[in-house]
Structure formats: structure tokens, C-alpha cells
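Engineer: Sharing a structure below in C-alpha cells format, with a few things to ask.
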Amino acid sequence: MTEFIPPGTRFHALPSPFPFKRGGALHGARVAYETWGTLAADASNAILIVTGLSPDAHAAANDANPAAGWWEGMVGPGKAIDTDRWFVVCVNSLGSCRGSTGPASLNPATGQPYRLDFPELSIEDGARAAIEVVRAQGIEQLACVVGNSMGGMTALAVLMLHPGIARSHVNISGSAQALPFSIAIRSLQREAIRLDPRWNGGHYDDDAYPESGMRMARKLGVITYRSALEWDGRFGRVRLDSDQTDDDPFGLEFQVESYLEGHARRFVRFFDPNCYLYLSRSMDWFDLAEYADGDVLAGLAKIRVEKALAIGANTDILFPVQQQQQVADGLRAGGADARFIGLESPQGHDAFLVDFERFCPAVRGFLDAL
């Protein structure tokens, strides 16, 4: 089992023990993070970024690691999240294999990876861990907490669990609860991993690794991350050249199949399967309705921020724009000046990672007005 930690990653030690919402605790755990910009003397210019399932804390290039980050188009000097103005902290989720303690990390009690002995992970656990990092920077209140995809859930959990922790919130392609369609897709992804004989109840290694299960899980994910509209225009029904196919009668034939295969093969050995299972399930479990007798809008209305922006792509099938509209409506009911923007982007759920032409102006406009 392997962890994948970018150069320049910083670490914060969590309180020990660190209890989990659903029971159990970690001892000697840590959270990975990176920072950009300069914290103001009164610590009033801090922004927290909480991420989706797979990203590390390296959202953008910085002095510690000049390599481009996963959100390079959004974060940096003069960009939408302007590090000349803001002090930005990006936290890798608890339960990940990219620096924060997760199932692939060594259990200090045994000297072996936690594997399935890792406590049942919830979005709220990741939110509490992120705030430990924020407090360690000397920040009592954030100017804004920004979350995308799973991070949109984490950001809402941060705001629910820590009243007054932020003056504003940007929710990008996120939600206050998992929808049945999303739960169904993620359940199939987890099943593909668990049915691979090499998963072996979580006891795999580099030589006996559930590669087939991870490939299928990733392909299913990529299908939900993009959109049919994009693929119609990008691939159509174009077939592969003869030198790109093999003798398998049911092998790859269309360009879109090759695209999925390439994405899957690039991912399978760079994300730990058990971490994937834990983080995926945490999204299915998350539901702000738990905080308001089963009413998700009432749960959102309990959150107190001054301003909020909820934004998404109209082609997103995993976190559809109705969920961002719901976030804005619920926060507005709680007294926030909340705005919803649905963008006409063809790139589905992943649009926030690639369609900077549409997403950056909305985020910049909101933050510039703070």
C-alpha cells in the first residue's frame, strides 16, 4: 500500500486521540496542507479550500513546489482566488492517500497499514480535521471557505460544525446531501473494487493489486464526471485506427473507449483502493438533513454566513445544478446574501477543473466584492 505525497506538502498533527463521528479514533494522525500568499496581521484575509475525492493539497504552484497544481487556473497571483490578496490554505482530506492519515497509512498500534481497521470515515471528520489546520495558522475566522465536489460537502460541514468560522462560502459543484443516482454510481464503483479477487478484503500489495477493479471504478467515475454533450462533440462515433486495436474481438474499437481506458490506467496505481472506498462512502453518508429532523433546507438554514455563492454546470449529472440551487436557497433562508449561478458548460461535473473561462469570472466577482 502506497501514499502519494507531492513535494512541498506540509503536515499538521491532529489531537490524539482524534475521535470520529461514527465511533473509533485515530492516534498520532496528521493532515496534509499547503498555503499561498501572506496572512494579514489581523488574520482577516484567509481562505480555506477543501477538495474533491482524489486531489492532494497542491492546488497551485508555490515556492515549496513550483509544479502546476490541480486548480492552477483558479488559484494564484492575479487569478480568481488571488493570492496577492488572500492567504489560501488547501487541505487534503482526512482518509486520503495523498498526505493526510488514511487507510493506507501506518497504524502506530501495529506498524502495519490501517487497511479496513481505519475508523468509519464521515465528511464531518474531514471538516473537523481541516479546521484544526486553520486554527494552527492563528486564524479564528475565515474570510471564505471554498469547496468543490466532495469539498462542497466538507465546506458545508465546516460551517455547520463551527458556527461563525467563516464570513462567506463558495460552493462549487457541491451539495448538501448525496442523491440516489450518485449513491448508486458510487456503490457500483466500490463493488467493482471489492469484487476484484486481488482486493482480498483490503489486504493487497503492489504485487497483488486490484487493478481491474480500480480500472472499472475509474471508468464509471469518468463517465459521470463529464457529459454526453461533450463526448458527442469530442468523439462522435469515430473509431480507432487499425494500429490502435488488438486481436480481442471485444476489445477497444471507438475513440471514447480508448479515452476511458487511458484515464483509468493513469489513475489506478496513483490512488489507494481502500482510501477510495472510504472517501466514496463518506459522500453517500453525508446529509445536512440530519441536523434538522430530516429537512435538508432547514439544515442549510442553520448555517450562518454573511454571503454565499453556489455555482455549477448545467451538464453535471453527479452533482446536478439543482443541488447548488438548493444550497443557495437554504443559506438564503438562514439569512445569507446567497446567489446561485448555473453555467452553460459542456464539461459536466469536471467543468470546475477545466472550464476556467466560465468558472473564474463568477468566483472572482464574488471574492472581489468581499
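A Cβ is built for glycine as well, from the same backbone N, Cα and C atoms used for every other residue.
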Engineer: Kindly point out the range from 52-55, 96-99, 212-215 that Swiss-Prot annotates with region 'Important for substrate specificity'.
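Structural biologist: Within the set 52-55, 96-99, 212-215, Swiss-Prot attaches region 'Important for substrate specificity' to 52-55.
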Engineer: Of Arg186, Arg218, Asp316, which recorded positions are close to His349 (active site), meaning a Cα within 10 Å of its Cα?
Structural biologist: Asp316
Engineer: How big is the gap, in Å, between the Cα of Arg218 (substrate binding site) and that of Asp316 (active site), rounded to a whole number?
Structural biologist: 17
Engineer: Have a look at the recorded positions (Asp316, Asp350) and report the one with the fewest Cβ neighbours inside 10 Å.
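Structural biologist: Counting other Cβ atoms within 10 Å of each of the recorded positions Asp316, Asp350, the minimum falls on Asp350.
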Engineer: Measuring C-alpha to C-alpha, could you say which of the recorded positions Ser149, Arg186, Asp350 are within 10 Å of Asp316 (active site)?
Structural biologist: Asp350
Engineer: Could you tell me what the rest of the chain brings near the region 'Important for substrate specificity' (52-55), counting residues at least six beyond its ends with Cβ under 8 Å?
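Structural biologist: Long-range Cβ neighbours of the region 'Important for substrate specificity' (52-55): 70-71, 92-93, 98, 148-151, 267, 271, 276, 279-280, 283.
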